[in-house]
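The structure appears right after this line, and notes come after that.
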């Protein structure tokens, strides 16, 4: 801790210019190098005190602290020098001037808008190594300060050795432990109506497996009070119709014993917001979601909202996942005792209760903050009361690496409420952690092959799986996953969707190594390589998207069937546009989904762009959801020598400031603007008079947000404002989210352009 404290003091002591160099280049300027400063000290002060002789005999770590403190003292003297003071004043004045010239609406602070120097704009548009990582150097620096933890597994420092807890291996081993009598968990596997037993003990036949892999699924619809329209689909014979329970008794859910007591207390925070208070421990949404989860069907819920129901949903799937793990482990521990007491020569097939590897639940979440909340929910569900605290290994380390410092957020940063909810806490998107749970103890940072639950981001799991041809790669731990939770799937569209697809291709495959498994305890479904037919997938998203739908339809093979919520939007986000603006929806024709990309580009350069080439149509913002379309348009604009500037998620701050200033003053006629930049930054762009949506936004509320930016323009007449949207018949879902289902049906039937005029009251 001494080194960390000294590091923080050192960072606070740096001048503004030194901090700026540290943010840009990741190291101190050579002028301030420690060794040079020490040589300077010795040359200026040749005498040595008695303490220096003693310090030379101390350990390396103590010497390092002394060097830092000496560096700190020297910097304190340098800061008082007249030259450094003038440099700092000059730097501050430059940042203030740049801040005023940018017409910054978002109060990002002088450091964000003050870096106005740099090379050409093209050099500022170079992508980072990973698409999903959007933290700036300043955020990285503040994040590392806030964590104050070992960064050996931090991707920014290079993954040298990832910390795993090896000390508690025997304590959390399923093979060497037995059921505690006082826990009363042994009767969990004796209930005939137990959903866990019913699902995992069902023996599929070869004909059924062949049927699931060849025949299409049959579907039926149902209307539930809270979830709305549900689509049930299954390849096997139609199962008993699932109905929503109006009232739920916790004892009838077959929860593991401690969860029956702790769930009402943990979920109490959400029950207070329900209009009609009742004795039910579930909210109406949780009750219907858990009814589907507990039936072990696959679930796709595309109406997750970080502001309203996000935490409700998180608690519901945490309850289901933890209930599954506790039941599975209780079955193994109970059978351990039976095997110990059995007579020699007894048949051992009765004790098949495990998979080929131990991990049973995989949770994919976008940020470290999400993993932190999940673990806290697990701990709360396992603690029966304040007196019976569970033992959590490595809890302090976990809080240091996954927690965040509230003071690191800039005080003047103002963003929409949904942005604040999504990007709360630690938003690092490269992490993975194994969690082992055994009776009254929890082990964080457990090795994957000793874990019951793995919590990871798509990027974190992708770096472990690796790619074909890499020497160091591993995906055997995914072979026996029984519950897969993919939460906030829409955010992965903004990070890198390829990581999700890569995961789905490597889950539930036969392992390449045995990893010390006792094959006499392995279920036959795992030995037959039928794990994917028993895996339950829970998919939560804020929107319906073809890529997300594809994962649910093509990569989920649960024999119990699937449930998808399919509610259509009635109004659309266009009703939230507050400026009087004519909207022109221009339809383009394409023969297939694959050809629509080229068809859109050709339609844009042939029919749309010529109308905006005139100087009268200045201040035109072109909103581009896809980065690849953005690069294609940028190259075309350069080739045609058009007067434009561009901003994407990889553009450096200095280039962003220049682009916004040029566009506001009219020095650049066009501004190419990517959706992912808007998702991660939410800047207000001033000076817009003409809008072109090259494609409908992924998030429907982005449409109204971008349109409402026109009211930030001080000059210009309302009648001169225009908005043009390109769409095709393959954009039906996005179109319905923007204009509503009724208008969408009319627009898809008609091949003419549609003109809508929004007054702010529609």
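Including glycine, each Cβ sits where the backbone N, Cα and C put it.
What TrEMBL says about a protein is an automatic prediction, not a curated fact.
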If TrEMBL is the reference, give me the range from 314-333, 334-353, 354-373 marked as region 'Disordered'. 334-353
Can you count helix, strand and coil residues in the region 'Disordered' (334-353) using DSSP? 11 helix, 0 strand, 9 coil
Give me the mean pLDDT over the domain 'UTP25 C-terminal' (573-757), rounded to a whole number. 91
